[in-house]
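Taken straight from TrEMBL:
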TRANSMEM  6-23  transmembrane segment
TRANSMEM  32-51  transmembrane segment
TRANSMEM  96-115  transmembrane segment
TRANSMEM  166-190  transmembrane segment
TRANSMEM  197-217  transmembrane segment
TRANSMEM  249-268  transmembrane segment
TRANSMEM  280-295  transmembrane segment
TRANSMEM  330-347  transmembrane segment
Amino acid sequence: MVNALPYLLLVLAYGLLYFYHQYTQSSIHRTYIKIVCVLIFVFFFGFRGFINYDWVNYYPFFNSITSNPLRNIETIQMEPGFVLLASVSKLIYPSYQLFVFVCTIINITLLTLFFNKYTEKTPLAFLIFLCMNGFQMSTDLMRNSISILIIINTFNYIQERRPIPYMFWCLFAASFHSSSLFFIPLYFVLNRSYNRWVLIGIFVTANIVYILHIPIFREIVSLLIGFVSPTTAQWIDTYLNFDATTGSVLSIGYIERLLTGVLMFCYLDKLRNIRKDNDIFINSLFLFLCLFLFLSEFRTISMRISTLFSYGYWIIWIDLLDCFRYRNNRFLFILFIVTYCLLKTYSNNKNKLSDYYNVLFEEKNYTERLLHFRQYYYDGAEK
C-alpha cells in the first residue's frame, strides 16, 4: 500500500478536479483547472526519480552520449530522433534529470493538445490516461510515449483525407520509436464505419480464444518459424516460452474489457454521432480489446502491442458518459471508472520498484537505486 500511495493520491487529485470541473460553470475556473492538471503532471513525472524499470537502460544511454549529435546517431543503436533529443538536452545541461523533465514537457504538451481537440472533461481525461497505460508511458516508455502522442495528434489528417502530412508525421514519430510505422497502413483502416455484427463476431471470437487459451499466435509463429535462421528460431521460441501467461482468466481486468466492449457495441450509433471522426477512436479501442485478447497467451507482447491503442479508452470512456440517457447511469459509470482506476493503480504500483520519490525533496544516486532495482527485480517483487 505504501508504494502505491503517491500514485493513488495522484488519481484522487484528478478525480477531485473533475468533480469541481463539473460543479463550476465558470469558464475561467475551468481554465484554471486545466492549468492545475498540467502543473500536477509536470511536478509528478517531470521531477520523478529512478522509479519503475526503464531508467536502468536510459540512464546509461544518456551517459554514453557525446558532444557530437551526428556521431551519437551513427553509433547508438536507438531511433535517431530520440538520440538527437537526448544529445541536444545534454549539450544544454549534462543532467539526466533535465532530460526526463524535457521529455515530460514534450509529453504534456502533446497530451494537452490532444485533449483540447476531443474533450472538455480534461481532469477526467488525465485520470483515464494515467490508469489506462499512462503511468507506464510516463515513466518507462520514454520513446514510445513521444511517438504515440505525436501520432494521435495527426488523426485530423485521416478525417481530412490528407495522406501526405499524415505519413510524414508517422515517419517523424518513428524517429522516436519504430512502432509508429504500424500506423501508416492504419490510415486506410481506422476512419471507417464497419458493420456492427462483423465487429461483434470478431470480439466474441477473441473472448473465446482468451477464455479457452487457444494458442493462435503460437501456431502462426510455428508456421513461420521455418523461414528464419535456426538462431532466430531458437531466440523466438525461448522468448515465447519465457513470456507465456499463467494468470487467471476471469480477472478484474478481463471483466472491465468485456464490459467496455459490450457498452461500446450497445451505444455504437450514438458514439459515431458524437463527432465526425469518432470511428477512429471506436476502431482503436476495438483493436486494443481484440489484440489484447487474441495475444493474451503472451503477456508482454499483448500489453506492448495493445498499448499503441490505449488512447481509444481516453476518449471513448468519456464519450460513453454522453450516451447515457439517465443521470443515474452516468453516475454509476463514473463510479465504475474511479473504482477501477484506483484498483488498477494500486495493483500496478504496489511493488517495491514503484517506490516513488521526487528529486525536489529527496536525492538518491544511481548506484543506490540500481542495487534496489536488482534486489527486488530478481526477487520477483515486481509482480
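Just so it is clear, glycine is given a Cβ too, placed from its N, Cα and C backbone atoms.
Most Cβ pairs under 8 A with the transmembrane segment (32-51) among the ranges 6-23, 96-115, 166-190, 249-268 are made by 96-115. Panel annotation: around the transmembrane segment (249-268), residues 196, 199-200, 203, 207, 210-211, 213, 282, 285-286, 289, 292-293, 313, 316-317, 320, 323, 336, 340, 343-344 of the same chain, lying at least six beyond its termini, place a Cβ under 8 Å from a Cβ of the stretch. 197-217 is the stretch from 6-23, 96-115, 197-217, 330-347 with the greatest number of Cβ pairs below 8 Å to the transmembrane segment (280-295).
Cβ atoms under 8 Å from those of the transmembrane segment (6-23) belong to residues 29-30, 33, 36-37, 40, 44, 121-124, 126-127, 130-131, 135, 338, 341-342, 345-346, 348-349, 354, 356 of the same chain, restricted to positions at least 6 beyond its ends.
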